[in-house]
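Down below is the structure, laid out as structure tokens.
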């Protein structure tokens, strides 16, 4: 779309109308959630269409009426609750203060001789002489204030009354056992009833000011018992009537909100669609007649026919006299990247896009990640039983699309094909020896490799770790070299598509030679060692004379020699020393080709024909019918010539790329050893849990052993799921992701594109729901 500034947007008022409608919807939703009204869950496939102008007016009036009705109900409910709260507080004041007045009256009737049980406040307030001589006059001059105060403010309230009266206020209080409801928020509030007795109008004024400062509520409470009883009866009657009105108001509000919830979802969808449409229309430009909107956008070529048909149907539906049409224009801008995915491939595409979005028409690694990611993850996870658990709950997620469910594995290892090893010792020899050595050169080994996986006999072997370390390290290097070579090969697709075929000669071939002559040669030595050396072979090809591949590779790079054992050869075949020197020399010569080849080509040849190439590629206005690949290559070539880099920048950039490739070839090869490390760690953790937890439940042969086994099996299952399946699975996932992002994709992937973001109501609704959550 055309990027418009604020003053060029023609539909700002319509967007503000949509914002106002959204505000009303948010208010209605808040009131619905506040009253805990159940909102029906709509069907995911049923969504209303975007409203037309007449429906927008009806929707606005409907939301206005609904908001006004709910506002009026809320305002009336707050007023009724406020009245109910005041009457409830008055009822508590009348009930609680009866004992206070009786106590005050008894103080004035006593003869002044016995002062036991009275405190200093009472003595200071009413003297003995006043009680004996003129009790009636003193009684008439004693004033009081009754009300309620928030419970948390009571200590400060008492201290302030003491200070302003210098101890001449007699305060009595009683806490309310039941909580009250705040009319505005609905929260619980706790209050305390108080009565403050004092003498004089000046002190009365001070007491009222303190009560107002502490948000205390005053209530008119008569001092006569009969008057209090009569008022209490009237208050209870009014509370019953008010409670009935409140229940009716609450029921009516509930019915209104329940009716609203049926249309609330559809209203929200219609408003969001309408706002998205106006927001997109703001990106259009108005023609000179101000009767037509013009917009520029990117469209997938495969969807051109569908979009033209949709525009024609839309014009017909609204009865427009001017049909909508679509023209294809040429541009030298870099198009966005759009990869069509389904529910299965979307996950792998998200993994690649999390690293960076591929450039337009660049090779998409997600296609190959679908195969290589599960494979490398399985190599690191390395357990068939735990893999079954992952497969089960993955299938559960695919079929039911619900939360994860726990599954249990019955065995730590699975023996499907027996074993290629056999024990031919006598039972007495087996029982008398702690360990027995099986010789592969004898009949202990059947000379037939195990069909799938690792022979189960290695699970009980003492030298299991030594064997598995060497075996898995070699497999990791093999997988890593093949994976990196495949990444380098994919770079050819980019070079051919973007019409940079010179990069094949000056970059791809030297990079591939460097990788093949050094690291693929090392992989071939591993296979030679596995095939040529065996226990039944002569001495020179026996396991005793088998050379170390790692030591041989180091000697190859450093042009060194290692003295072999007596009767053994240093190399695997004749002429290997000379061949290795040739390989290292050619690999070293590839480095200056990668370093200077491309910069010299650009400086000496490419810039000389720049003017001719620019002229031949500059006329693109009438070439709409060109093939997509030709057009893309020409556009990229033109874009590449628009910005010239100085020679120093070209050499620096190429030097960084060359050094990075040479060093990363070594480091990335070593990085694939994480396949061995995680596989070994997973196997050892499985063995530790088996030996240290579950086997303890199998050691007892009494009746209590069944209970012990039951408990141990539960603990073993919990640790297996938590550590081996979940934590180890997450670790393998992260390491596999790193191998793809760094070791694999760095060989060919640039990732300098930006994603294609189509106008789709589904995306609009999903984004709004994500923001609300």
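Here, residue 1 is simply the first one shown, and the rest follow in order.
Each residue, glycine too, has its Cβ placed from N, Cα and C.
No curator has checked TrEMBL annotations; they are predicted automatically.
Your range for transmembrane segment, going by TrEMBL and the list 437-454, 455-472, 545-562, 563-580, is 545-562.
Residues of the same chain lying 6 or more positions beyond the ends of the transmembrane segment (475-493) and with a Cβ under 8 Å from any Cβ of it are 363, 365, 368, 372, 376, 379, 503-504, 507-508, 511-512, 515-516, 519-520, 522-523, 526, 665, 668-669, 671-676, 739, 743-749. Within its own chain, the transmembrane segment (582-604) has Cβ neighbours under 8 Å at 502-503, 505-507, 510-511, 513-514, 517-518, 521, 556-557, 559, 647, 650-651, 654-655, 657-658, 661-662, counting only residues six or more beyond its boundaries.
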